[in-house]
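In TrEMBL this protein carries:
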COMPBIAS  425-434  compositional bias 'Basic and acidic residues'
REGION    425-449  region 'Disordered'
TRANSMEM  40-62  transmembrane segment
TRANSMEM  69-90  transmembrane segment
TRANSMEM  171-194  transmembrane segment
TRANSMEM  223-240  transmembrane segment
TRANSMEM  252-272  transmembrane segment
TRANSMEM  279-297  transmembrane segment
TRANSMEM  303-325  transmembrane segment
TRANSMEM  346-369  transmembrane segment
TRANSMEM  389-413  transmembrane segment
Amino acid sequence: QLDPFYASIILFVGRAWDAVTDPMVGFFISKTSWTRIGRLMPWIIISTPFAILSYFLIWFVPDISSGQVLWYLVFYCLFQTLVTCFHVPYSALTMFISSEQSERDSATAYRMTVEVLGTVLGTAIQGQIVGKADTPCIQNPVFLGDTNSSVAMEEVNMTHDTGSLTDTKNAYMIAAGVIGGLYILCAVILSLGVREKREASELQSDEPVSFFRGLKLVMNHGAYIKLITGFLFTSLAFMVRPRLGLEALERVEIGGLGLSATLTIPLWQWFLTRFGKKTAVYVGISSAIPFLIMVVVLDSNLIVTYIVAVAAGISVAAAFLLPWSMLPDVIDDFKLQHPDSRGHEAIFFSFYVFFTKFASGVSLGISTLSLDFAGYQTRGCSQPSKVNFTLKMLVSAVPVVLILLGLLLFKLYPIDEEKRRKNKKALQDLREESNSSSESENTELARIV
């Protein structure tokens, strides 16, 4: 029941807030003392109940007429902060379950497969529960004119059936409760099933590093900057799409895309092992371009939608698996260039988490604002011609441009397969040298004693 403009403001402010909290959480995690259950796991366990509560309140409609925007802004920002306290240590666990590149790559492939599957499951649950609360479109000539969205919303509110609105509110609350229950289940499985290996890596450096010094070191690493900016553009390409309440069509699209992405992540894992990660990026992400053009060229129907969704899912699998798989390589490269500065893994992952959420928020904001400027009318059975043109741009032209920009940035990414092998060998030599030094010190101490 909010004007699209205010909804966009909430999304943009929430992502700006993320820009502050994500690196801060990463820094505090890097300074957390080791506990019986590790350094990362306490963040996951403690943040979970508060994150679920704030998520539930995002979907709650307060009985206030003038403060709803502030209500949703506060709880949206709070939820984003608590999700950061979960997602940053969860993602960083990849570096602390093994020191082997191949094992980390395999773990990343499993993680991304289940993340995509979870996204499909969550979307399906939300769609099925909310979709049962049928809200028919409104036939009104005023929607065909140049009336702005605020006037349109007033007209909608005046003609909206109170019982239908109540059913819709209850449906969103039920969906929030079900997804919150899944959140708890997944957090329990994670906390009971994963153990951090203290020897896999060191979170804390030998000397305390200030937040700004650590941030400067991380953000001055060229390979990291090229990777996260390329990741940002490609993520935006697959996320920039409007949510228009076309439940039947969206279920087909999301189901086909999610199933395709889930099934093809193992394929891309094999491909990157066989041909290299940079090659997999070029092939996987660029393969979506012809199908995105099909959206504009061909008339929209169920078959075309399903074909495009399946093809997009194949590219989505590559777009989300490969950057996460490449991040540990960047951290290894950073360790070699700064051997005396350790404990920045969580900061690396925190910015990666931020760019993931930033891409999602920006895409929703761009879509919502674009449709608002084009004159889109909420629940209107008919839409102005500008809306149709805007939709074609959002689902085709804009993603193609973003993909090309992202691939250009990945072209500048300096860590190829040869560089990976050299880094792996150099890190092994450093570990062996460190172990030898440690053994020599222990032998000398024993001799003295």
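Note that Cβ sites are derived from N, Cα and C of the backbone, with glycine treated the same way.
Sequence-distant contacts of the transmembrane segment (252-272), counting only residues of its own chain at least 6 positions beyond either end whose CB sits under 8 Å from a CB of the stretch, comprise 105-106, 109, 112-113, 116-117, 119-120, 123-124, 127, 279-280, 283-284, 302, 305-306, 308-314, 316-318, 320-322, 325. Under the criterion of 3 or more C-beta pairs below 8 Å, with sequence separation of 6 or more, the transmembrane segment (69-90) and the transmembrane segment (389-413) do not qualify as touching, having fewer than 3 such pairs. If one looks beyond the transmembrane segment (223-240) by at least 6 residues along the same chain, the residues whose Cβ comes under 8 Å of a Cβ in the stretch are 285, 288, 312, 315-316, 319-320, 323, 326-327, 330, 333-334, 348, 351-352, 355-356, 358-360, 362-364, 366-367, 394-395, 398-400, 402-403, 405-407, 409-410, 412-415.
Count of Cβ pairs under 8 Å against the transmembrane segment (389-413): among 40-62, 171-194, 279-297, 303-325, the largest is for 279-297. Away from its own ends, the transmembrane segment (171-194) comes close to residues 37, 41, 44-45, 48-49, 51-52, 55-56, 58-60, 86, 90, 93, 97, 118, 121-122, 125-126, 129-130, 132-133 of its chain (Cβ-Cβ under 8 Å, at least six residues beyond either end). Sorting each residue of the compositional bias 'Basic and acidic residues' (425-434) by its DSSP state yields 10 helix, 0 strand, 0 coil.
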